[in-house]
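Structure record follows, encoded as structure tokens.
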Amino acid sequence: MEKIKSAGPSSVPRHVAIIMDGNNRWARKRLLPGVAGHKAGVDAVRAVIEVCAEAKVEVLTLFAFSSENWQRPAEEVGALMELFFTALRRETKRLNENDISLRIIGDRSRFHPELQAAMREAEVRTSGNSRFVLQIAANYGGQWDIAQAAQRLAREVQAGHLQPEDITPQLLQTCLATGDLPLPDLCIRTGGEHRISNFLLWQLAYAELYFSDLFWPDFKHDAMRAALADFASRQRRFGKTSEQVEAGARA
């Protein structure tokens, strides 16, 4: 990742979420092992971080490893864990150089203790950075996220600190893994698939969806800028009519 340059203000989402799909297919197309696609995908991560930071996006959430990905071949899962561990150690310095804070969301209990320690260390080492938040979803699933939020609230009710009727969508949202961050405005999926695959199910309620046919390793600077330009061209109505939105913009 290069030293990130500043850019002027532009019409961009506060929070971008990305499903990084197509690493294996990228590798197969080149007659390479699947892990080669995941390694190549790291360059795309760096490129997207650079574009988002330049454009003044506040939060970038990357779907790195879903709770369903444990079902993949053991060799691939092992290679992904090793790559994740290496990237945490290697990229932390670059994140600090660019004032980027790292957060990791998901159920960490299945990860090796050494990897869990590396996650905590990277988060602590970047916690003082304030320019931009890079959030990695690892062993994450949207259904898991909603369930763990409901469990937290149920414990509060059980302890007598909360009444069932006190539970509102707003309160439940604060208990999600992303609770204190703005909701995603834009969700991008690469690889040509048109689904969200159990990613941020609650949080994506009003997000704009953008699908790219590019495999993730090929989704670099120009592709990310194109996605942001497409977002800027859309009118977000949130249930209102176009006339209401336009009138509100003029007010």
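Cβ coordinates come from backbone N, Cα and C, glycine included.
Of all Cβ atoms in the protein chains displayed, 24 besides its own lie within 10 Å of the Cβ of ASP21 (active site). Per Swiss-Prot, active site is recorded for ASP21, and the stated evidence type is sequence analysis.
Taken from Swiss-Prot, the feature Mg(2+) binding site applies to ASP21, GLU208, supported by sequence analysis.
As annotated by Swiss-Prot, substrate binding site applies to 22-26, HIS38, 66-68, TRP70, ARG72, ARG189, 195-197, with the evidence given as sequence analysis. Around SER197 (substrate binding site), the C-beta neighbours below 8 angstroms that are at least 6 residues distant in the chain are ILE19, PHE63, SER66, GLU68.
In the three-state DSSP reading, ASN69 (active site, proton acceptor) counts as helix. Long-range Cβ contacts of ASN69 (active site, proton acceptor) within its own chain (separation 6+, distance under 8 Å): VAL77, LEU80, ASN139. Look at Swiss-Prot and you will find ASN69 tagged as active site, proton acceptor.
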Conformational class of SER197 (substrate binding site) under the three-state DSSP mapping: coil
Candidate binding-site residues ARG72, ARG195, GLU208, pick with smallest Cα gap to ASP21 (active site): ARG195
Cα-Cα distance linking ARG72 (substrate binding site) and GLU208 (Mg(2+) binding site), given in Å to the nearest integer: 30
Local Cβ density at GLU68 (substrate binding site) - other Cβ atoms counted within 10 Å: 11
Same chain, 6+ residues apart, C-beta under 8 Å of the C-beta of ASN24 (substrate binding site), given in sequence order: GLY34, GLY37
